[in-house]
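Colleague: What Swiss-Prot records for 17-527 is topological domain 'Extracellular', and it gives sequence analysis as the kind of evidence. Under the heading N-linked glycosylation site, Swiss-Prot lists Asn18, Asn34, Asn178, Asn310, Asn497, citing sequence analysis as support. Taken from Swiss-Prot, the feature disulfide bond applies to Cys64-Cys291, Cys76-Cys88, Cys109-Cys151, Cys295-Cys319, Cys487-Cys491, supported by sequence analysis. The feature transmembrane segment is assigned by Swiss-Prot to 528-548, with sequence analysis given as support.
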Amino acid sequence: MLSITILFLLIAEGSSQNYTGNPVICLGHHAVSNGTMVKTLTDDQVEVVTAQELVESQHLPELCPSPLRLVDGQTCDIVNGALGSPGCNHLNGAEWDVFIERPTAVDTCYPFDVPDYQSLRSILANNGKFEFIVEKFQWNTVKQNGKSGACKRANENDFFTNLNWLTKSDGNAYPLQNLTKVNNGDYARLYIWGVHHPSTDTEQTNLYENNPGRVTVSTKTSQTSVVPNIGSRPWVRGQSGRISFYWTIVEPGDIIVFNTIGNLIAPRGHYKLNSQKKSTILNTAVPIGSCVSKCHTDRGSITTTKPFQNISRISIGDCPKYVKQGSLKLATGMRNIPEKATRGLFGAIAGFIENGWQGLIDGWYGFRHQNAEGTGTAADLKSTQAAIDQINGKLNRLIEKTNEKYHQIEKEFEQVEGRIQDLEKYVEDTKIDLWSYNAELLVALENQHTIDVTDSEMDKLFERVRRQLRENAEDKGNGCFEIFHQCDNNCIESIRNGTYDHDIYRDEAINNRFQIQGVKLTQGYKDIILWISFSISCFLLVALLLAFILWACQNGNIRCQICI
């Protein structure tokens with residue numbers, strides 16, 4: 001927020017012995033030797049006294065764990081954390097605003113795939129918590145708690161913590177399983193379950209007896225039925241088989257039915273879904289530090305009050321809008337017209353029409369004067385404050401127009417959804433183009449308004465002084481007035497503060513004006529008289545020449561012959 005402390009500065013210079021002419025008072029505005037270029041609606045390069053950068057280009061090389069809660073998945077992605085893979089125990093009961101997935105995350109259990117991976121990932125991320133509720137499932141005449149050498153814990157064969165691998169009983173039986181669970185709670189439940197795909201028919205019968213197997217999971221509104229796809233696949237962690245994981249959401253009052261004759265990877269419970277939570281996920285290698293920031297990107301955290309940033313299009317939290325421009329400057333001061341280097345303070349006194357004043361440090365507008373008591377400079381409180389009041393809060397208003405608590409994450413799609421991904425990227429690129437254009441236009445509008453306001457206040461101040469002085473002074477055309485009466489420092493002060501009474505000095509001013517005009521004419525009158533004098537001189541010269549010729553002819557000194 002722009003704030004300027006207005007102080008009246010009066011610098012007395014010289015003495016009455018150094019100046020004997022008429023008092024002069026000039027109006028001017030602040031200037032600096034090197035201003036800042038900004039863009040307006042009508043000009044790409046306008047120099048102003050001060051401007052503020054609106055685009056943040058700096059970021060912290062770390063993620064800030066406050067005030068947003070961050071959970072580092074480390075070697076586990078969010079899906080492995082939900083399944084309960086080895087090495088993911090640190091995620092049990094974890095709660096987050098932003099789940100940090102690392103590019104180095106790896107699978108550590110039986111090789112698997114999730115046909116609707118991104119949807120499951122999004123549901124888990126948005127939920128903001130791993131709140132797993134264990135349930136009792138009555139499976140009949142089958143073996144439970146199957147394990148695999150691909151899933152080691154403490155060098156022992158194991159399996160996903162939150163899943164139960166069902167196989168045939170010791171009596172080689174895998175009878176039809178038909179199990180129903182009712183959601184009698186007040187929240188939605190997320191069940192994650194799987195289907196095992198053996199690599200051979202022999203493995204199928206050795207594990208489940210029945211070939212083919214089948215898994216069907218139903219609710220009142222949906223049904224998913226899967227027949228295992230038996231076949232050899234590349235070996236991963238010593239396994240050629242695969243598990244496909246699916247998920248089902250059961251709303252309050254709904255039921256879920258598990259029906260299988262083999263190959264079911266059964267849930268041990270469900271995840272409690274929080275419909276009010278609005279968490280998200282960020283894939284980045286940036287470490288978590290000890291800083292404080294409400295905005296995170298895949299390149300690090302941003303701590304700024306600026307409304308725009310060009311660090312990353314992937315941002316989470318209370319972040320500036322991403323724009324393509326590297327710089328957008330908001331004018332917070334008036335148009336800058338630097339003072340000529342060769343001009344002293346009063347070497348050739350001039351007002352705002354010719355240039356600005358670099359010595360006017362305590363205000364935007366002010367006065368310079370020269371009289372019998374010396375010279376001086378003073379800032380004008382009223383006009384400066386009027387301009388500040390209109391500009392003050394401009395940055396805050398601009399932030400309000402652009403600030404929105406939102407997150408923009410990089411969306412991922414399966415390979416079969418390539419066209420959707422291309423369309424999504426096109427839409428995101430279009431949104432960024434529009435925001436970049438809107439940001440540039442908005443800043444240009446604000447800059448135009450700022451310059452117009454400051455120019456207007458200068459004109460208002462000049463008009464106020466002109467109305468005060470009236471015929472007691474003459475406008476010199478450069479922002480200065482020559483005063484035709486004695487005007488000491490008190491008189492000058494009355495002009496500045498608006499208490500000047502022209503009637504007091506009127507007679508003296510008129511008398512002095514007539515005396516001065518008898519000797520000293522303004523530049524406009526000089527030009528007219530010079531032209532008249534030149535014309536008369538030419539006329540007299542021609543008349544004398546003709547008179548001489550006539551006289552000479554009469555005396556016989558000149559003979560004229562006209563031949564036809």
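Cβ coordinates are placed from backbone N, Cα and C, and glycine is handled just like the others.
What does the local environment look like for each feature on the list?
Modeller: Counting only same-chain residues six or more apart in sequence, the Cβ atoms lying under 8 angstroms from the Cβ of Asn34 (N-linked glycosylation site) belong to Pro338.
Less than 8 angstroms from the CB of Cys291 (disulfide bond) sit Leu60, Glu62, Cys64, Ser66, Ser301, Thr303, each of them six or more residues away in the same chain.
Cys88 (disulfide bond): 26 other CB atoms within 10 A of its CB, across all protein chains.
In the three-state DSSP assignment, the secondary structure recorded for Cys151 (disulfide bond) is strand. Within the same chain, residues at least 6 positions away in sequence whose Cβ sits under 8 Å from that of Cys151 (disulfide bond) are Ser85, Pro86, Thr108, Cys109, Tyr110, Asn157, Asp158, Phe159, Phe160.
Counting every protein chain shown, the number of other Cβ atoms lying within 10 Å of the Cβ of Asn178 (N-linked glycosylation site) is 11.
DSSP gives Cys319 (disulfide bond) a coil state; it is part of no helix or strand.
Here Asn310 (N-linked glycosylation site) comes close to Val55, Glu56, Ser57, Tyr322, Val323, Lys324, Gln325, Gly326: these same-chain residues lie at least six apart in sequence, with C-beta atoms under 8 angstroms from its C-beta.
Cys487 (disulfide bond) falls within neither a helix nor a strand when secondary structure is assigned with DSSP, and so counts as coil.
Residues near Asn497 (N-linked glycosylation site) in space but far in sequence (CB under 8 A, at least 6 apart, same chain): none are found.
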Colleague: Based on Cα distances to Cys295 (disulfide bond), point out the closest of the recorded positions Cys88, Asn178, Cys487.
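Modeller: With Cα distances computed to Cys295 (disulfide bond), the winner among Cys88, Asn178, Cys487 is Cys88.
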Colleague: Can you tell me how far the Cα of Asn178 (N-linked glycosylation site) sits from the Cα of Cys319 (disulfide bond), in Å?
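Modeller: Counting only the Cα atoms, the answer is 50 Å.
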Colleague: In whole Å, how far does the CA atom of Cys88 (disulfide bond) lie from that of Cys491 (disulfide bond)?
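Modeller: So the Cα of Cys491 (disulfide bond) lies 84 Å away from that of Cys88 (disulfide bond).
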Colleague: Out of the disulfide-bonded residues Cys76, Cys487, Cys491, give me the one sitting nearest to Cys319 (disulfide bond) by CA distance.
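Modeller: Comparing Cα positions, the closest of these disulfide-bonded residues turns out to be Cys76.
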Colleague: Let me know how many other Cβ atoms fall within 10 Å of the Cβ of Cys64 (disulfide bond).
Modeller: 22
Colleague: Rounded to a whole angstrom, what is the C-alpha distance between Cys487 (disulfide bond) and Cys76 (disulfide bond)?
Modeller: 84
Colleague: Where Cys491 (disulfide bond) and Cys76 (disulfide bond) are concerned, what is their Cα separation in Å, rounded?
Modeller: 81
